[in-house]
Amino acid sequence: RKFLQDGYLVLDDFLTEREVEELKKAGNDLTQNIPDESHRALFSTTDTYQSKDKYFLDSGDKISYFFEAGALDKDGKLLVEPHIALNKVGHALHWLNPVFKEYTFCEKVKEMCFQLGLVDPAVVQSMYIYKNPGVGSEVIPHQDATFLYTEPVKLIGFWIALDDATTENGCLWFAPGSHRSGVHRRFIRNPDKNSEELLIYNAQAPCYPKSNFQPLPVNKGSCVLIHGQVVHRSDTNRSKSSRHAYTFHVVDMNGTTYSPDNWLQPNPEQPFPQLYKN
């Protein structure tokens, strides 16, 4: 009832201390395989780097690396230590990395989807988000269905805190009940094949009053369930501590059409894996 009322829900102690440490180690291990300068892509929700970046467009079935804008110079050289330069790694960790695969398809996740009434959930993307001190950037207010649209919308995000998430280090903020107002805009593949913009928004950014949002600090090991239409955001990391998180999105494919113009499309040779059958 609370999830349907607010559009989000906190599951405390979803993972044990040992499980959190195993996932965090896997996230830190990813920083040992950072691409060289020629493959360094930026990611930001306040700029449009990824709109022109084929590396981003083709990342749905790969393990791809995205850097904070303040971590690289104009030639792609690191301005900070490698282990704090990354914004995120995505978008197929859930399938291609054994540690993240184990936790994404664990019985706790399956049981949660079953309790939510999902008939045929499939995992469509996953990300390890670093939000490191000093460089961890703002995530502007958005709905996940803007990027992963289905008809009808049957999208749920699992956001697992691997550090304590506080108002100082960039915890999530939600606008309770905003999931009942429809999908406000979409991020789609540009139908104009001659444009250098590979991806575009189909509408201007909505204006969300700051007073609509409530902070959601959580302890590490907590899982936040996120309705695909609820508006949420996070601030920059102003603290001296990291705010690592592992997040993935599931779509109930039962009676659902996954939009063919979403930025992320399944690879015909690697369709979205079904949660209950893997």
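Counting starts with 1 at the first residue shown.
Quick reminder: no glycine exception, Cβ is built from N, Cα and C everywhere.
TrEMBL: automatically predicted annotations, no manual curation.
Positions annotated as region 'Disordered' by TrEMBL: 259-278. Tertiary neighbourhood of the region 'Disordered' (259-278): same-chain residues 56-57, 60-61, 91-92, 94-95, 105, 109-110, 113, 118, 120-125, 147-151, 186-189, 191, 199, 250-251, 253, selected by CB-CB distance under 8 Å and a gap of 6+ residues from either end.
In the region 'Disordered' (259-278), helix, strand and coil residues by DSSP number 0 helix, 4 strand, 16 coil.
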